[in-house]
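Participant: Pasting a structure below so you can have a look.
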Amino acid sequence: MASKRITQETFDAAVRENIEEFEMGTEEAIREAVEQFESQGVDLSNIVKTIPKVSLDGLQEPTHSVLQALNDLQESLTGSRLQEVSAHLVRFCDQCKQQKASRYLAAQKGAYPILLAAWQLAATSNQGLLLQALNALAVLTDGQPDLLDAQGLHLLVATLAQNAANTELTCCGIRCVRHVCLKHEQNRQDLVKAGVLPLLTAAITQHGQHADVVREACWALRVMTFDDDIRVPFGHAHEHAKMIVQENKGLKVLIEAARAFSDNPGVLSELCSTLSRLAVRNEFCQEVIDLGGLGILVTLLADCNDHQDLVKQVLSALRAIAGNDDVKDAIVRAGGTESIVAAMTRHLASPQVCEQSCAALCVLALRKPDNSRVIIEGGGALAALQAMKAHPQEAGVQKQACMLIRNLVSRSQVFSKPILDLGAEELILQARAAHPDCEDVAKAALRDLGCRVELRELWTGKKGDLAL
């Protein structure tokens with residue numbers, strides 16, 4: 001059942017009542033109001049839990065700091081006082097950054113059209129002011145993508161196109177794109193139609209020495225491939241990934257950027273994460289190889305083993321491109337299996353690295369007996385079982401390890417005994433008992449290992465009907 005909601009005014013009135021009628025102190029009054037509403041099942045996540053303040057001139061009704069900043073901004077815009085507009089934009093932005101509730105309250109009180117007016121005023125006269133307006137809009141739309149309208153969308157694309165050489169404006173504009181597209185499929189589709197994809201890939205190329213721009217552009221490109229909006233039956237994630245690769249040379253752009261940032265683990269993590277989102281077709285996986293991407297990934301896995309997040313993203317990218325059977329063999333020939341096993345062993349305490357390592361090895365072993373032999377001889381099965389022991393409560397690790405073991409032996413029964421001798425059966429049975437999600441994969445692994453498996457009929461016929 002959906003949580004109950006109240007307005008900011010209702011909460012403020014309750015706090016004021018506690019102070020005036022029950023003579024409570026400020027903190028006690030707020031705490032009492034919070035407890036009162038939460039006991040009634042009210043969601044207060046979008047409520048500012050402070051006392052409204054009196055304005056500096058004392059002429060206005062007490063209001064929250066973010067709304068005071070918004071009112072002052074609107075007044076300065078009415079008089080086109082650019083210096084004051086600049087100061088109030090900074091102040092408003094600082095208030096919105098403090099908490100989600102402040103952004104929500106500002107949006108409820110008409111902040112978006114006011115920022116749009118500041119944006120339009122700055123676009124024709126002042127790049128410094130334009131940057132401040134864009135920054136404020138990026139903060140306001142964080143978690144509130146519904147605010148974007150058609151006017152703002154076209155203004156955003158035009159701003160990116162007209163200021164492509166400006167590093168700060170490009171970075172801030174792309175951050176706006178990311179915020180308004182996250183969990184909003186219609187905004188994604190509309191921005192793609194308006195031509196945002198070539199602007200994103202061009203930003204990586206044009207600002208290839210600026211880590212912040214590359215990081216933001218990668219993040220925005222990934223968001224374009226998300227299917228995270230529960231309000232639509234299906235999205236265009238696959239189509240957007242195809243457009244990024246085929247029409248905008250996305251893979252080439254990312255791989256060239258990886259070469260340029262070879263000593264920056266943070267940027268490399270973003271690039272690898274984006275690469276894995278774009279490897280959605282067989283030919284795209286092969287293109288990564290043709291562009292020299294495999295060598296970069298394997299080298300990163302070997303040379304950057306100390307950077308856990310980068311290791312995780314490289315493993316994810318290897319897993320993605322290994323969907324192509326020819327690429328599987330290329331990864332094995334390049335020494336990828338040894339590097340994956342080494343990464344899992346090095347980061348055995350990390351469930352995320354263990355899960356991604358098992359998943360990557362699982363894909364490499366699928367339908368490939370020769371690859372299975374290389375993995376087992378390189379200690380892959382042992383490492384996977386060690387990961388299962390280290391993370392018994394992590395369903396993802398248990399599931400991927402079971403799938404890996406199944407793939408290792410499904411076409412190479414000769415490997416069953418060595419894996420069983422390592423204690424695989426007991427670990428798989430434990431995973432099956434502890435995690436319902438592992439039921440099918442655990443059963444498949446036990447079956448292909450030659451262990452006794454109790455099979456249960458899911459459906460039985462009864463006088464022409466199916467019954468569970």
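Heads up, the Cβ atoms here are built off N, Cα and C, so glycines get one too.
When I checked Swiss-Prot for this same protein, it listed these features:
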type	residues	note
MOD_RES	S39	phosphoserine
REPEAT	195-239	repeat 'ARM 1'
MOD_RES	H238	pros-methylhistidine
REPEAT	249-293	repeat 'ARM 2'
REPEAT	294-336	repeat 'ARM 3'
REPEAT	337-379	repeat 'ARM 4'
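Are these features on the surface or tucked inside, and what are their neighbours?
Facilitator: A C-beta separation below 8 Å, combined with a sequence spacing of at least six in one chain, links S39 (phosphoserine) to none of the other residues.
Residues 157, 160-161, 164-165, 167, 170-171, 174-175, 177-178, 181-186, 188-189, 247-250, 253-254, 256-257, 260-261, 264, 266-267, 270-271, 273-274, 277-278, 280 of the same chain, all 6+ positions outside the repeat 'ARM 1' (195-239), place their C-beta atoms under 8 angstroms from a C-beta of that stretch.
Secondary structure from DSSP puts H238 (pros-methylhistidine) in a helix.
DSSP labels the residues of the repeat 'ARM 2' (249-293) in these numbers: 35 helix, 0 strand, 10 coil.
Sequence-remote contacts of a segment are chain residues at least 6 beyond its ends whose Cβ falls under 8 Å from one of its Cβ atoms, and for the repeat 'ARM 3' (294-336) they are 255, 258-259, 265, 268-270, 272-273, 275-277, 279, 282, 285-286, 288, 342-343, 346-347, 350, 352-353, 356-357, 359-360, 363-364, 366-368, 370-371, 374.
Sequence-distant neighbours of the repeat 'ARM 4' (337-379) (same chain, 6+ residues past either end, Cβ-Cβ under 8 Å): 298, 301-302, 305, 308, 311-312, 315-316, 318-319, 322-323, 325, 328-329, 331, 386-387, 390-391, 394, 396-397, 400-401, 403-404, 407-409, 411-412, 415, 418-419.
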Participant: Determine, from DSSP, whether S39 (phosphoserine) sits in helix, strand or coil.
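Facilitator: Looking at the DSSP assignment, S39 (phosphoserine) belongs to a helix.
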Participant: Within 10 Å of the Cβ of H238 (pros-methylhistidine), how many other Cβ atoms can be counted across all chains shown?
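Facilitator: Cβ-Cβ neighbours of H238 (pros-methylhistidine) within 10 Å number 13.
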Participant: Mind checking how the repeat 'ARM 4' (337-379) divides into helix, strand and coil residues in DSSP?
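Facilitator: Tallied per class, the repeat 'ARM 4' (337-379) gives 34 helix, 0 strand, 9 coil.
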